[in-house]
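Taken straight from TrEMBL:
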REPEAT    61-93  repeat 'ANK'
REPEAT    94-126  repeat 'ANK'
REPEAT    126-158  repeat 'ANK'
REPEAT    159-191  repeat 'ANK'
REPEAT    192-224  repeat 'ANK'
REPEAT    225-257  repeat 'ANK'
Amino acid sequence: MTAMVAAAAKNDVPALHAALAAYDSPGDDVAAALFVSVSSNAIDSLQVLIEHGADINVPTEGMSPLMLAISTGNVPIVKTLVDAGADIEFRSKDDHSPLLYAVFHGQAEICRLLLDRGVQVNHATSDVTALMVAAMKGFVDIIPMLISAGALVEAATSTGKTALMSAAAEDQVSAVESLADAGAVVDAVDQNHQTALAAAAARGSAGMVQCLLRRGAQLDVQDENGRTGLLLAAMNGHEAVVKLLVQGGAQLESRDKDDDTAVAKARRNAHHQVVQVLLDAGAVDCKSNLRTPSVKGALAAITSGSRSIFARFPTRKEAHAADSAADP
């Protein structure tokens with residue numbers, strides 16, 4: 001560690017001045033001293049270096065001094081850098097922005113500072129916007145300020161996930177409420193045509209299901225496999241969620257692309273309590289139902305060698321034996 005860097009780390013202004021005076025071209029030492037002053041929260045050293053003409057946008061390992069200050073949460077140092085002309089639109093080697101750093105670390109005051117300076121609010125890194133990050137982490141103090149600054153509530157990732165869907169996936173109930181209050185579409189579907197409600201039902205998140213139902217989520221939207229939230233909850237054995245959906249009026253006889261109902265899914269996976277809940281609610285138990293089976297079901301039974309569907313018909317051998325017995 002050079003004398004300049006050591007002085008910056010200790011916030012020793014006289015020693016820092018002396019070190020700067022001893023160098024004709026301090027170069028890399030100034031950049032290192034700047035980073036150390038930021039990481040050490042040495043604001044006096046930082047101001048000296050800025051006055052000396054240090055480049056406050058020189059990155060270290062892809063991170064700018066401003067990003068480092070944001071990650072430490074030191075608001076005075078962030079403000080000092082921004083006031084001195086730090087690039088608020090700088091991109092790290094991973095294409096992260098200062099705003100994304102501030103949101104990720106839950107730094108609401110720093111977010112406000114950057115937004116007040118006109119930072120781009122909808123920049124996306126790997127399809128993820130600052131609003132999506134705030135939603136996933138449940139930062140309900142940051143979500144409204146981003147939206148007020150122009151964040152697109154319905155912006156989606158390449159897989160079709162919106163901020164509300166991202167919040168729901170992390171069981172961030174308050175974030176979902178905040179986004180819904182701002183007009184987010186509760187029934188948006190992703191690339192698999194799955195809604196936030198269906199995803200929550202599949203996970204067994206009763207709290208999130210309740211939240212989405214309060215917000216008017218549609219119960220019977222089918223995903224690309226034809227499965228509703230009730231089917232997904234039943235096949236995964238989530239009894240509490242099944243009860244919530246049944247109470248909400250979910251269709252009990254909805255069928256997926258396998259021609260299965262919720263009862264069939266639950267029975268196949270040995271979720272007996274879920275089966276009983278559905279039967280008590282009036283679902284038809286296909287195991288004892290005598291209605292004509294579907295064509296798809298009949299074909300499946302034939303190709304698998306099953307005789308259950310045609311059990312009432314005698315085989316050729318049985319018929320021949322019966323005819324012989326009837327002869328005098």
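Placed from the backbone N, Cα and C atoms, the Cβ positions cover glycine too.
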* Cβ under 8 Å to the repeat 'ANK' (61-93), counting only same-chain residues 6 or more beyond its ends: which ones? -> 34-35, 38-39, 41, 43, 46-47, 50, 99, 101-102, 105, 107, 109-110, 113-114, 117-120, 123
* Distant-in-sequence neighbours of the repeat 'ANK' (225-257), which means Cβ under 8 A and at least six residues beyond its ends -> 195, 197-198, 200-206, 209-210, 213, 219, 263, 265-266, 268-269, 271, 273-274, 277-278, 281-284
* Write out how many residues of the repeat 'ANK' (126-158) are helix, how many strand and how many coil, based on DSSP. => 14 helix, 3 strand, 16 coil
* In this predicted model, what is the average pLDDT of the repeat 'ANK' (159-191)? -> 98
